[in-house]
Ligand SMILES: Nc1ncnc2c1ncn2[C@@H]1O[C@H](COP(=O)(O)OP(=O)(O)OP(=O)(O)O)[C@@H](O)[C@H]1O
Ligand SMILES: [Mg+2]
């Protein structure tokens, strides 16, 4: 059992009001179970809770954050250019393409499934955009929209075949991987590479920076303020409803942590070209997808399916619809990622979407802390994971290490992560939190 | 005695269900009235769980008619049963291990406020419900995986109470429970009857059945094998209906014991 043994006398202490347990007042009628999870209020309680979670294998983002710190220390000590604003800004922009794809992968992993087609689908999106806008003169906005839709449709097809006909997702999307890569080569045609314009919306996706320093700082201020206010009012509502709420000092602590990270990032971007548009879009996507997953009933259905398909069926969840839509979402984000990648090199070419892109996207989702076993994860995991992968790539590139070794090291990191995932799952089982 | 209405809340007329080569149910009849607890008994594999699942819409019936408050209805999917007012606690509990207690209680019928999950209200009502059912669990915000088997059972039962159902079906609700929790569940069943709900209770435990049921319906090899009034029927009669003969392992054992005592 995952419980702290808190002796009943602890309940009597004035500062140790039970937070997660029913108020001791009804102890008159029902004897309070001494094993109930009781959290002390304030910072000590917070640290206690944290320790309890770590012991129970609920590591959350901890391993990957520790990993990122180690990566920074190692590469900075090898080459003092690693932690410069220029390099960090480059890493931030370069990670967006893979990161977007990884967001879609997180959705699919939450179902406990896998989508192997995302690399090829991302290639199709880049190629469709280039063909439509450069060869056929379709307006840029429309071409972008159609390119993204191509991913949605491809994903929906995979999802439908998986959900309706019952072909394993792994097999359907493997077929998709081959098919869509061929499709991309076909529409790119003879010469194989289409260069895109050096200006316009598409170009700006990966190349626009808000050079006004006020934008980055403004964004940081807004983020911190919105976070604090929403946490504060949520806690007030909970208090009013008489359910356990987060104490104010914990909210302040969390806000302060966010503020440090947000302003450090803003400062760093402003030392170079300013806040990159790509990063703004990526963060917006993370905020929206996190909201959808955790605050809407659609998101709840995805988690439910990842936990137990049978329970979901009996709860009246439309399984075919949810599964199909999740693969459509995965395809959509694959297309969006493909557009960012093509925008970065200002071209759609035959190599797009192949090679290590697929593996990096899946690795990013998993390294970030999304479980391969379904039902556990957040889209923020994609950000952390892709930061790890791209930082390693850039750090090794600074050292002049060959791509072959880069791949080996990324593979090693992924292996460590899945081992952590499997081990945490075991610990969680024994701690009753599988 | 609680008033029992004339038209049954639920009536099954000649219901049959096949799984491939297995004829799980054949021409089964069952009537349940409001304010009545009907115990459904039968040996392992008799088809009790299958019958429950046909009523709950998990396995649509092949043949026969299901009547709800006197009218024939189609129950093709779980949602149909839910919207009629049928709540089911399955033998295999079907909770999501990765989702917390509140999330599981409200799974498939989340409370929303402007399109967003209303977690605060769900949590408040969950605590209220668990308190009224005097169900004790460590926290409503821990994943189901952290709960013991009995605690899960109580969560599953609580889940069935949420929508103020007219008919509650409990498939072996006390099988995994300790002495006190069993008594609590039986109390719960009685409270449901007092509130005018109809209850179908599946159990292998004759003591439980005798304690709370008004009627006992016996299934044997997928067919009806008699409906008995609990007050006027002896346990031996019910057991012989379950096993299908007056000469069976249970009676032989009883006879042996009786002889041994002489
Ligand atoms: N999904 C299924 N597919 C095929 N056969 C099934 C299925 N579910 C049940 N059966 C068969 O139907 C028959 C009745 O099973 P059921 O689970 O209803 O028994 P039960 O009365 O609930 O038994 P128990 O007391 O062991 O729970 C059994 O022969 C079983 O093998
Ligand atoms: Mg059964």
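Placement of Cβ uses the backbone N, Cα and C atoms for every residue, glycine included.
Cross-referencing A:275-293, A:294-312 with TrEMBL places the feature transmembrane segment at A:275-293.
Among the listed stretches A:169-188, A:251-269, A:275-293, A:320-345, A:380-398, the one sharing the most Cβ pairs under 8 Å with the transmembrane segment (A:59-79) is A:380-398.
Highlighted: of the candidate stretches A:118-135, A:141-162, A:169-188, A:275-293, A:380-398, A:141-162 has the greatest count of Cβ pairs under 8 Å to the transmembrane segment (A:320-345). For the transmembrane segment (A:91-111), the neighbouring stretch richest in Cβ pairs under 8 Å, chosen from A:141-162, A:169-188, A:275-293, A:380-398, is A:380-398.
Away from its own ends, the transmembrane segment (A:169-188) comes close to residues 108, 113-121, 123-124, 127-128, 130-131, 154, 157-158, 161-162, 194, 327, 348-350, 352-354, 358 of its chain (Cβ-Cβ under 8 Å, at least six residues beyond either end).
Under the criterion of 3 or more C-beta pairs below 8 Å, with sequence separation of 6 or more, the transmembrane segment (A:118-135) and the transmembrane segment (A:357-373) qualify as touching.
The stretches the transmembrane segment (A:275-293) and the transmembrane segment (A:404-423) do not meet in space: the count of Cβ pairs below 8 angstroms, excluding pairs fewer than 6 apart in sequence, stays at fewer than three.
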